[in-house]
Structure formats: structure tokens, C-alpha cells
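Below: the structure, in C-alpha cells.
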Amino acid sequence: MPSNYLNFRNSVPWVILLLEALFLTRSYFLFLGLDGLDSLRSSYPEFQDVNHMVIFGFGFFLMVLRRYGFSSTGFNLLIIVLGVQCSVLIEDLLVFFYLEANQGILKSIAKGFLSMTAVAISTGAVLGKTNLVQLIVMTLVELIVFYVSRWINRSYLEVGDHLSLMHVHLFGAYFGLAVASCFPEPSPRLDKNRSTPKSDLFSMLGSVFLWVFWPSFNSLLAQSRRKAVLNTYFALAVSAVTAFMLSALTSKDGKFRMTHIHGAVLAGGVTVSFTAQMISHPWIAMILGLLGSAITILGSHCLQRCLNPPLKIHDTSGVHFTFGLPAVLGALAQVVLLVIREWTNSSSLGYLVLLHIGAFCQTISLALITGVITGFILNTRPLKIIPVSKYFEDQFYWE
């Protein structure tokens, strides 16, 4: 048995134990009580939906590789539960240093699940190429940086708390792509880097979970919850129909392609996440859902053939066109709708537009810069133990 594997096997339990000791210490000294329990009790069904969405949805959604199913679901569960605890710790520290108001432990957990979506998305970009220690390190770094990005948006760019959380898709996609750019590309002849009908079926099951629960995700902390649910549902419905239509039109034999469907049906929920509570007419959400699904399917053709090879980026699960491009479209749509809504208030319109564009640029820039730095850290000798020939294989980790 290789010595590097033995070191990995011995180090993983100690890393997890160290983190849990830190979280236990946090709960003893910094526990902020159950403030806000009554206000969150009414939204507990949505909270539970988001929990299912992150655990079940992304766990199955990432099962796209034929020999990486155990790791896709198992590692996803582990980093989610570790990441949520880390997120609560960060929230407590922000309250402790008077950088944020105390909203109660349950709301901190809800924000933790929403923030962990960024990590789940980033994991899709490096799926099969990282070991568990690398994933844990990436989770901790990404969560901290995402909270820094949200704090900058709220404190200096006057972005609301809910809207700053909805940048999670944008941040997660481009952070993951930046990390993936630092990993060597697998050989095109590597047989493990493909799906099978069984893995595609499980991945589609994950998409169904995400599709069903996405309205709760967009409305969990929204002020206009009913409006957010309604607009998200219409956007998701249209994006699903458009996905089937465009998949048949873009295939040579007119058949549906599972790679198109399992990503494009979610594009409407990603695209409308920025504007779900500000859209007054459902037809606007439906148009955004249509455009999001179209940019996902058409982008998958162009990016995989034209953009990824010269940039040396291997995006395992296609998070760029599943989450990244629809998030960019949603951010631009938010600026357009803001201009339409505030058109009569010309004195402050330019300032508001500048703030929202600044928040978009800050989020994507910080994600790319810190993602590259994190990728270099993950490829240092103490953390990197997997040769390229062992990518996309459960056997390295599981019995």
C-alpha cells in the first residue's frame, strides 16, 4: 500500500476531529441563544426544503461519473455538515465583533445551508480530482471568502442581506472553475471520466430534487416570500420545457440528451434568484427561465469546445453553464429591472446601478482570485496525493 495513501488515511480522522473540537468550543463560549425562534418557526417548511435540497439534491446531482458514486454522495454529506457548522461559527464571530446583528442560531443555520450551496457547486467543477482533505480545506476557505464577499457587498455596496446570499451561485461557479484551472487535465482516453445510464439516472434524480425545492431556496429569507415562490416556480417550469425543446433541436438525431436536461431544467431557478422578490408580473420570470435554459444548453456547446480547451479548464460537472452563466444573466436582469423600476427617480438611479454592478464585479473577481490561490494551495505536496491516473475513482477512498 503506498505510503502517501497511509498518510492520507491517518490524517483524515484527525482533521475532522480537530474541526469538531473547534466547533464544540464555539458552541460553549460563543453560543448566542435561540433568538428568533418564533419568527423562523413559520418558515420551517422552507428551511427543511433547503436542507433536503442541499443534502439529497446536490448529493445525487453530482453522481455523474461511472466510478465515483460513493464519493459524490458521501463526501457531499460530510462537507455539508462540516460547512454548516463552520458557517455558524463565522456568524457568531461576526456578531461577537459587532459586525452583524444577532438574528438567532436558527437563522444562522439557514444562512449556513444557503452558503454551502456555493461549496456544492464548486465541488462539481473539481469532482473526482480532489481528495477529502483537499475538499475540506476548499470548503473552509470558500466559506470564509464568501462571507467576506457578502460583508463587502452589505457594508460598502448597500446590498441587502438576502440579495447578498443570492450571489452564491455566481461565487460558487467561478470559484470552482478557478480552482479547477490549477489541476492537471485528465487524459481524453481516461475511461473513468464519463457517465453511464445508471449514473445519469441518479444525477437526474438530483436535478428533480433541486427543481422541486428551489422555490423554497429563493424564498427562505426573502421579504416577499409568496412573490419569490411564485416567480421561481414559473421560471423553473419554463426552463424545464425549454430544456426539452432545445435538447431535441440541437441533437443530430432529434433525441433528448440527459446532459442537457439535468442542468438546463435548473437554469430558471438560478437566473431568477436575484429578482424573484422584485418581479411583479410572472411573465417576466417566465422569460428569464426561457433565456436561462437557452444559455445553458447553447453555452454547453460553445464553452466545452471553444473556451475550456485553450484555458486548460476541465469542468467535470459543467457548473459553468449550469450555474455560472445563468447567474451572470440573472445579475444583468436585476440591473435592467432596477433601471425600469427606478426610471422616474433619475437622481439616484445611476448610483444604484453602479452599486449593483460593483457588487457583481466584486463577487466574481474575488471568487476568481481566491479560487486560483486556493487551487495552488490544494496542489502543494502535503495535500495533493492523487496522481492523474487515479482521478474519478472510488476505490482510492472506499472499501
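Cβ coordinates come from backbone N, Cα and C, glycine included.
What TrEMBL says about this protein:
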- 41-390: domain 'Ammonium transporter AmtB-like' (DOMAIN)
- 12-30: transmembrane segment (TRANSMEM)
- 50-68: transmembrane segment (TRANSMEM)
- 75-99: transmembrane segment (TRANSMEM)
- 135-152: transmembrane segment (TRANSMEM)
- 164-183: transmembrane segment (TRANSMEM)
- 204-222: transmembrane segment (TRANSMEM)
- 228-249: transmembrane segment (TRANSMEM)
- 285-307: transmembrane segment (TRANSMEM)
- 319-340: transmembrane segment (TRANSMEM)
- 352-378: transmembrane segment (TRANSMEM)
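The stretch in 50-68, 75-99, 164-183, 319-340, 352-378 that contributes the largest number of Cβ pairs under 8 Å to the transmembrane segment (12-30) is 75-99. If you take every residue in the domain 'Ammonium transporter AmtB-like' (41-390) and average the pLDDT, you get 88.
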